[in-house]
Amino acid sequence: MQERTLSILKPDVVERGIIGNVISYIEAAGLKVVAQRMCRLTVSQAEEFYDVHRDRPFFPELVKFMTSGPVVVQVLEGESAIAVYRDVMGATNPKEAAKGTIRADFAESIDANCVHGSDNADNAKREIMFFFGECEIFKR
C-alpha cells in the first residue's frame, strides 16, 4: 500500500554534512522525497512535536538536541513507507542497529542518532501536518 511518512534528519546530520548520504539510503530503499525543507525548531515546537515523550527522563535532552541546530524535515512516499523507512533507519540505539542502516552506519550515539521516522500511520499523518500543508507535498 502506498503511504507517506515523516522523516527528520537531525542536527547531527546537518552539522556533519551528511545530508546527501542519508538521502541516498532513503532513495535506495525505494522511497521518494515528496516534500522537504530545512528549518530550526524552537523550544516550543520541539516540545509540542515530542509531547508524547514529555514525562520521559530523556525529554529535556531531546528538546535541547533537536533545537541545537537546523534539521531537514521530509515527507517520504512509497509502498509501506512507514515500515520501510523504519527498517532503513535501524534501531534507536546505533549499537543495536543492523549494518547497512542509517543509524548503524552514521549515528554517533543513542542521542545523536541521525533520524526520526513516524512509527505508525496515525502519527505519520499528525507529524506531516505539523510541518507541511497539503499544497507543499508533491506527487512524484
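Each residue's number is its place along the chain shown, starting with 1.
Cβ from N, Cα, C; glycine included.
Look at Swiss-Prot and you will find HIS116 tagged as active site, pros-phosphohistidine intermediate. Marked as ATP binding site by Swiss-Prot on the basis of sequence analysis: LYS10, PHE58, ARG86, THR92, ARG103, ASN113.
Cα spacing between THR92 (ATP binding site) and HIS116 (active site, pros-phosphohistidine intermediate): 9 Å, rounded to the nearest whole number. According to DSSP, PHE58 (ATP binding site) sits in a coil region rather than a helix or strand. Following the DSSP three-state reduction, the secondary structure of ASN113 (ATP binding site) is coil. If you count neighbouring Cβ atoms within 10 Å for each of the binding-site residues THR92, ASN113, the highest count belongs to ASN113. Cα of ARG103 (ATP binding site) to Cα of the residue listed as 'active site, pros-phosphohistidine intermediate': a distance of 10 Å. Look at ARG86 (ATP binding site): DSSP puts it in a helix. Just so you know, the Cβ of LYS10 (ATP binding site) picks up 22 other Cβ atoms within 10 Å once every protein chain is counted. Across the residues the record lists as binding ATP (LYS10, PHE58, ARG86, THR92, ARG103, ASN113), the two Cα atoms farthest apart are 21 Å from each other. Counting every protein chain shown, the Cβ of ARG86 (ATP binding site) has 18 other Cβ atoms within 10 Å.
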